[in-house]
Amino acid sequence: MRFSTILSLLVAIVLAGAAVYGAQNWLSTERQEFMTALQQQAQREDEAPKDTIVVAAEAVQFGERINRTTVREIEWSGAIRPEGSYAKIEDLVIGEGEDTARFALTPMAIGEPILSSKVTEPGVRAKMSTILAEGMTAVSIRVNDIAGVAGFVLPGDRVNVMLTRNGFTDVLLQGVKVLAIDQTSDERKDNPSVVRSVTFEVNTIEAQKLTLGATVGTLSLTLRPVASTDIENSERITINDLSDLDISDSLIEARLEEEGEDPALPDPSDERLENLEQLLKDLSTGMSEKLEGVEAKLQEQEEVKEVVVEMAPIVPQKSTIGVIRNGQRNEYKVDKKKEEDQVDVLEDENADEKLGVSSN
C-alpha cells in the first residue's frame, strides 16, 4: 500500500472523529439549555400566584337556585379574568336564607364560569323582568302549531314576524328575539313542542305593532339562522304574486354545483340580459329623439290654409221704393215680382208730373 493512501485514510479518520466529537458537544449543550429553560419555566409557574374561579359543578337550568353543591372552585392562572366572575364560592353563595339566595338567569353547562350577568342579585328570584335588556319590553302573541314553525321556535331564537290580512302579507318585524314559548324560557330546551304563545323582547313601538297586528290580521313566524344579522329588503306579497313562477334559491345553487359552476359567480345569461336591456334602452332613446325632430319639422312646415266659400247673395223677397211727390218722399215695399211693374208706373207718373210742370 502506498504511503499517500495510508496518509489519506488517517486524515479522513481524524476529521470524522473531530466531526462526531463536535456534534456530540453541540447536542449536549443544546440539551442542557433546553432543560434549563424548562426548569426555569416550571419554577416561574410554581412561583406565580394561584387564583381561583367559580364554575358550575353540574348543569344549571333557568330559575334554579345557586347553592354550594351546584358550583365549585377551580384554579385560574390566566392573566385576565372573565368580567363578572367570582373567585370564591363565598362571594357567590351568601348564606342559606331566601333573602340572600341567587337564581340562574340562563342555563349553564358543567365547567362554565358563573358570571354576575347569569345570576340574580341576592334575594331576587329569576323572573322575566330580570332578563330584559335596558329599554326593552316583553310582549306575547298567540300562535298555532303552523304559525309557530311547527314548534321548532325555541327561547333564544330570532324570528321574523309576518302579518297577513286582506289578501296580502307584509314582514312586520325582523330579527325579533324569542324570550319564551308558552311558559318556558329555558334556552337549552331543544325538543319541539306545540306552541300556543310566544313571548318576544321588543321595544315599545314594536310591542304596539305586534298588538295591533294580532287584532287586524294573522301573525306568522319565520325562523332565522342563529348567527344571521342581515336586514332583508322585504316587499308586500299579494294574491296576484301567487301566479308568478318562482324557483328556490337553494335549488339554483344545488344545480350550479352539479354543473361545476360557482354559485357566487354572476350568471352569464344575466349579464347578456342586462346588455340587451341597455341596448333596447339606447335604441328607445334614439328613436324618441328622432321622432321629436320629425314632429318639430312638421310643425314648422305646416301652414293653415283658409278656405273661402263664395255664397250667392240672398235676394230679398220685397224691395223698398222711394217716391218724391210735391217735395215729400214716400217709401213703398213691394214684392220682387211686382217691382218692375210698379217702377214703370211710378216712372210714368213722374214723367206726367214733370210734363205738367213744364206746360205751366
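Glycine residues also receive a Cβ, built from the backbone N, Cα and C atoms like all the rest.
TrEMBL does not curate its annotations; it predicts them automatically.
Which of 179-204, 335-360 counts as region 'Disordered' depends on TrEMBL, and there it is 335-360. Across the domain 'SAF' (51-120), DSSP assigns 10 helix, 23 strand, 37 coil.
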